[in-house]
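According to Swiss-Prot, the protein carries these features:
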- 21-41: transmembrane segment (TRANSMEM)
- 73-93: transmembrane segment (TRANSMEM)
- 94-114: transmembrane segment (TRANSMEM)
- 132-152: transmembrane segment (TRANSMEM)
- 168-188: transmembrane segment (TRANSMEM)
- 199-219: transmembrane segment (TRANSMEM)
- 239-259: transmembrane segment (TRANSMEM)
- 263-283: transmembrane segment (TRANSMEM)
- 288-308: transmembrane segment (TRANSMEM)
- 338-358: transmembrane segment (TRANSMEM)
């Protein structure tokens, strides 16, 4: 939005031309989202306490989690607000990719909001019925995907980039829709499953979003895209602003969510952030890199799938409890140790993912 204002004001003061640079707006988006989160955080927490929007805890979970019962939840609304305001302020709103990102972010946020609200009003951990939850997640994902397919079905925007192989970039055609669906819905659920300990999901989210900001910038720069042997995507450079807004909002939320947490993001935050990461990966054609850099999310989701599958087939559990972070808790690891070690792993995976861009 401010890009348009700057274009007008530059006639009177050339300094406003700085706002036209994507790097400047990306940094400002990060700082804006960060400061908004820090500013509204205490107000949101207080309001959630007044409304008695407290966390419900599984009866079969680790005993240490019983103390978390009643901690304000649905703090994800402050994340969404911070990202939304920052993106609308600093992004070029003529870019269709920005609207696709915001659509998925707030679409999944709305689904998570309803899910959280039902848990709170029912005083248990049962939210939306699973089939309805997946139905609405699918609707949001498919609308976004068809929108993107219409924008770029005959360009590099629908090619599949494979790490380490610079000359293998097949045109996906209609399979683009299928792959994109699983990326968005899968990432939304994976981040949601990871959000079980204080700060566990939000830091990897910030790290992955920061990495995608760099990738989006390179993908939207024809010279760097050619140098790295990745597709040049016309609209992708503006996604940098959206990604840095996620980083800023995530760090601001972490201020209140770090152990011991003052607030939880709830499904309204985790589903929205997961969906946002998924759609960004699709926009910059780096679905495989999402699997690498978001490895913590992948392992958390796989641990649940394996646990459920093993119990149904063999009546035996692989882990003491799933998702896998609870397994380590039940082994005796203190919660902060689990969190920090998962953060370290996430940082290593993000760096590995970035390195693959050059190893081609």
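The chain as shown is numbered from 1 upward.
Keep in mind that glycine also has a Cβ here, set from the backbone N, Cα and C atoms.
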Inset, instruction - Determine which recorded stretch among 21-41, 73-93, 132-152, 338-358 has the most C-beta pairs below 8 angstroms with the transmembrane segment (239-259). - result: 21-41
Legend entry - Maximum Cβ pairs under 8 Å to the transmembrane segment (199-219) - stretch from the list 73-93, 94-114, 168-188, 263-283, 338-358: 338-358
Inset, instruction - State the residues, same chain only, that lie 6 or more residues beyond the ends of the transmembrane segment (132-152) and have a CB under 8 A from a CB inside it; answer 'none' if no residue qualifies. - result: 96, 100, 103-104, 107-108, 111, 115, 158, 176-177, 180-181, 184-185, 188-189, 233-235, 271, 275, 279, 282-283
Inset, instruction - Count, for each of 21-41, 168-188, 263-283, 338-358, the Cβ pairs lying under 8 Å from the transmembrane segment (94-114), and report the range with the highest count. - result: 263-283
Inset, instruction - Tally Cβ pairs under 8 Å between the transmembrane segment (263-283) and each listed stretch (21-41, 168-188, 338-358), then give the stretch with the top tally. - result: 168-188
Legend entry - Distant-in-sequence neighbours of the transmembrane segment (338-358), which means Cβ under 8 A and at least six residues beyond its ends: 163-164, 197-200, 203-204, 207-208, 210-211, 214-215, 218, 228, 230, 259, 289, 292-296, 325, 328-329
